[in-house]
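Please read the structure below before turning to the comments.
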Amino acid sequence: MSTMTPAEIVSELDKHIIGQNRAKKAVAVALRNRWRRQQVDEPLRQEITPKNILMIGPTGVGKTEIARRLAKLADAPFIKIEATKFTEVGYVGRDVDSIVRDLIEISVKQTRETEMRKMRTKAEDLAEDRILDILLPGARTVGFGSGTSEASGDESNTTRQTFRKRLREGALDDKEIELDIEMQAPAMDIMGPPGMEDMTEQIRSMFANLGGGKKTRRKVKVKEALKLLTDEEASKMLNDEEVKTKAVQNVEQNGIVFLDEIDKIASRSEAGGGEVSRQGVQRDLLPLVEGTTINTKYGMVKTDHILFIASGAFHLAKPSDLIPELQGRFPIRVELDSLSVKDFESILVATDASLVKQYQALLATEDVHLEFADDGIRRLAEIAFSVNEKTENIGARRLYTVIEKLLEEVSFSAGNHTGKSVLIDAAYVDRALNDVAQDEDLSRYVL
């Protein structure tokens, strides 16, 4: 669990997301409250439940990214789900309980990887021993008894240590060896009707277990063999029951569910009878968000302390169009701002993995040096903002389209620019994009 303070969390989020300070503060406090709750003694700790968050704002302003980065910081099981994927119980389609089942699968995978990392050093030693046994057959079985055999044993032990040193230095990486590796059962793609994902998953697991334990002899290079055997040894040391228990506990205490497009299941007051199943999905979500127990293949999972973050643009519906009971389950409401020209400029250059840095790195692989002038960045931001205003506002995602169109020619003919620098200034941007940006009909299709 993360022990970062709210200020530290916001500072980390600032490296990847521009603006939206109110939303960042809300999620930072929610994450910190999880740590605070763990410091509280029982039975009061059990009574403290997370305050779920409703983010309201247009598409492309950072709603999903805030939740995704938060989960990464917390190292917590995280799932992003579109609310529109679900149907009311009794209708054909997925029911909301599958959210928790998917989340527990993610948690099991995370927990398994964490536990395997802890055992990595010991597993690597065992893998090295197995490789040395193949490279030096009989070295371990030499001599107990006579003085000659003892001397021979010392000699073989010295040889073994020499080979181990060379193995660790990478001197044997390209040598080919034969070894027996546990076969992975081929993944079977079983098609099932909507809403029956659990049954198809169980059938898939059953077929996967049928092929388990079989070994196959393969000829591989030492470097690859070391990796394969390390993974195999680490898997052997894992206690599956312990992994399941930790995974369930991790979901119950630290799980984060991001419910996107929640406004699409809000029933507008003037709408007709077609809204029934939307209301049904909202009612099905109620116990999940409030706290219930879901039966999964890893055991019963309580949702009382899972943090739910819902988001929606609410263009056509309003938060008050959600059924009152569900509104009450999301006490913290945060409105995200639309992006300005200044925000677009910052997104292009100020974040840790900004678009400008990404394209510079991509073209640098072909020895093409992209240089962005300040006026070029400014003009790019202005065009992206302008196209958003004139057509559909898709937020920061517009920058992907604009910059891709801008660098289309350079990317295509990168081989002709090898060893050269390409300066992207305002004049270059205007030459590449002005015609498209000015023509509203054309920008609808191109940008």
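Keep in mind that glycine also has a Cβ here, set from the backbone N, Cα and C atoms.
These numbers come from a predicted model, not from an experiment.
Annotated in Swiss-Prot:
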BINDING   ILE18, GLY60, VAL61, GLY62, LYS63, THR64, GLU65, ASP260, GLU325, ARG397  ATP binding site
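Between the farthest pair of Cα atoms in the ATP binding residues (ILE18, GLY60, VAL61, GLY62, LYS63, THR64, GLU65, ASP260, GLU325, ARG397), the distance is 34 Å. The Cβ of ILE18 (ATP binding site) lies under 8 Å from the Cβ of GLY62, LEU339, ASP343, SER346, ILE347, ALA350, THR351, each of which sits 6+ residues away along the same chain. Neighbour count (other Cβ atoms within 10 Å of the Cβ, all protein chains): 13 for GLU325 (ATP binding site). Of all the Cβ atoms in the protein chains shown, 15 others lie within 10 Å of the Cβ of GLU65 (ATP binding site).
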